[in-house]
Amino acid sequence: MNGALRAGKVRTRGARVPVRTFSVCLGLAAVAFAASVLVIGSGDLPIPSADVVRTLTGEGTQVHRFIVTELRLPRALTGILVGLALGLSGAVFQSLSRNPLGSPDLIGFTTGAATGALVQILVVGGGTVAIAVSSVGGAVLTGMAVYLLAYRGGGMQGHRLVLVGVGIAAMLEALNSYLITRAELREAYQAAFWLTGSLEGRDWDHVKALGVALAVLVPFTLALGGRLRMVELGDDVARSLGERVEQSRGLAVAGGVGLVAVATAASGPVAFVALAAPQLARRLTRGSGPQLLPSALMGAALLVVSDLIALRLPVRLPVGVVTSVLGGVYLVWLLGIEGRRER
Amino acid sequence: MSRWTVLLLLVLTLAGAVVASFAFGAKHIPFGEVVDGLLSPDGAENSLIIREERLPRTVLGIAAGTALGLAGTLMQALTRNPLAEPGLLGVNSGAALAVVLVIGLLRVDEALVYVWAALAGAAVTAVLVYLLGSSGRYGATPAKLVLAGVAVNAVAVGVTTGVMLLIPRAFNGFRFWQVGSLGGQDLGVVLRILPFLAVGLLLVALLAGPLNTLALGDEAARSLGGRPGLIRAAGGLAVVLLCGGATAAAGPLFFVGLAVPFAARALAGTDHRWILAYSALLAPVLLLGADVLGRLLGSPGELETGLVTAFLGAPLFIFIVRRGKVPQL
């Protein structure tokens, strides 16, 4: 090992956060902020970015202030918060399962939230608040069912959690399709729109509810980062290092499900962010371990940029469509770069 | 019980499922007339139901079931990831995208056109995933294939949803296609996909042995004289033919391909020749069983096969996961 490399390692170890990770986080936060400013500037009455920033800092004209703070800021904030929650939750579940496919989209929690909402839209016929409440209910019930079914003989292994989740997800997915085929076309269409995930028409009520929930859930989950890193080493190693593996896993599942539940209630199940954000973040930071904060920020950046694109499209499409395409293309591109680097 | 005994039992179960698929349905037909309807059709109502309704869906159930069971086992072996389902190569999402485009833009709604569109879409996405997953010096490693599949799937699903939301007509056709069902196809459609499945089946038969070496890891496989790249490419082709054919005719019934290999592994152990044989028998049993159940429960109409498959298969799957030794992911 040469000297420079060793010095680099020492420096990385000395700092609490590696420089690369720190700058990636900073960059992602900047992207999310810039995209939010552009989102706020977009609409029937475009506002230049400089005016948006000025209005946000408390200056600007009365008209701008009304449009920005009352109409468009809530949408941008909802986007950021939902993205944070989805990215963080995805990182938790991918760490628990040690599998890139172990995202909340695939293991039932998002599907459960969708089922709750669909029942409300198509069967009960409640309004926005009722839809949000039943989608949280759906996610929490699904989370509890998965956890209880995966818990066996005094232990719940990460991979069993994922597999049980996949089974539950298949049932809920079938139930969702069933509900949609049995509904009238107009209602079914409304449901499909909701199922794609959208930020349209979000107001301060959404932001407040989301903000309060995330103020508890995000710090709680971020604080589990160290414990998740230990759990990733494998049950035996982690136990021998004095880690209470079962407790860590239970807390992480609770945090992750909570995050997905509130995010889905606010925006509908926005596709692919939870799956892609951790993978994208990991490729940028080149770090090991759960990468909770970078994943969360990547989720926020991905969602707000997608929303910006959705706003600028000539046709009206919900943000969920754009997140899938954008996230997918971005992942394709990063994989391509990795492939070339190996040559 | 020896492996041959289990195999025999599975064959008998499948035979039972086939008989049940002919015997039960929305309309009660005495068993004697079922046999008559098959052997000496007389053009009466019951005879028509047997030949036009129950025969095609039984054939499709066997064909699609076998194909999905094998494709799922292959996919999990090729990526060494038990969460991989045949749709991971993009087969389902590509087929869905093609179907939505055909309904939405070309304004066609003919079953036979769906079949060709779905096959073409499946092939294009699968090739994309494979090329992307095999870029770089080490070729198609499991991890890269999984991520490439995830990425391409997401793009296809996003575009599908977009088209669907912009063109309500496409949405209306698609929402029925996407549940997945064995019913409503005539025998002509089913026969069109059989050549694809036959080639897929042949590839699987050739791959069964080499898959065992691949399970040891790429390095070990290479040192034993195996060629991981070739095995994966041939396996990918087989998955596209099998899963693409099944999806084209019956719609996305992805859960079969995910769950059945688990049951097969629980019965067979680690030898892929046996896992494949068991999967090929178990999957049609699940599909036909779900289809019969859907006809009985949904009477006078019927519940879609995809729906019943999930509700029948998932509890079994969870049961296996809970009690068996599940491989680490």
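The backbone N, Cα and C atoms fix where each Cβ goes, glycine too.
Now, the feature entries from TrEMBL:
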- A:21-41: transmembrane segment (TRANSMEM)
- A:76-94: transmembrane segment (TRANSMEM)
- A:106-123: transmembrane segment (TRANSMEM)
- A:129-149: transmembrane segment (TRANSMEM)
- A:161-180: transmembrane segment (TRANSMEM)
- A:209-230: transmembrane segment (TRANSMEM)
- A:251-272: transmembrane segment (TRANSMEM)
- A:317-337: transmembrane segment (TRANSMEM)
Quiz item: Residues sitting near the transmembrane segment (A:209-230): Cβ under 8 Å, six or more positions beyond its termini, same chain?
Solution: 77-78, 81-82, 84-85, 88-89, 92, 95-96, 132, 238, 241, 243, 245, 248, 251-252, 255-256, 258-259, 262-263, 265-266, 289-290, 292-293, 296
Quiz item: Residues sitting near the transmembrane segment (A:76-94): Cβ under 8 Å, six or more positions beyond its termini, same chain?
Solution: 32, 36, 39-40, 100, 102-104, 107, 109, 162, 199, 202, 206-207, 210-211, 214, 217-218, 221-222, 224, 228, 252-253, 255-257, 259-260, 262-263, 266-267, 270, 273-279, 281, 290-292, 295-304, 307, 319
Quiz item: Looking only at residues six or more beyond either end of the transmembrane segment (A:251-272), which have a C-beta under 8 A from one in the stretch?
Solution: 78-79, 81-82, 85-86, 88-89, 92-93, 95-96, 104-105, 109-111, 113-114, 117, 131-133, 135-136, 139-140, 142-143, 147, 161, 194-199, 202, 206, 209-210, 213-214, 217-218, 220-221, 224, 227-228, 231, 303, 318-320, 323-324, 327-328
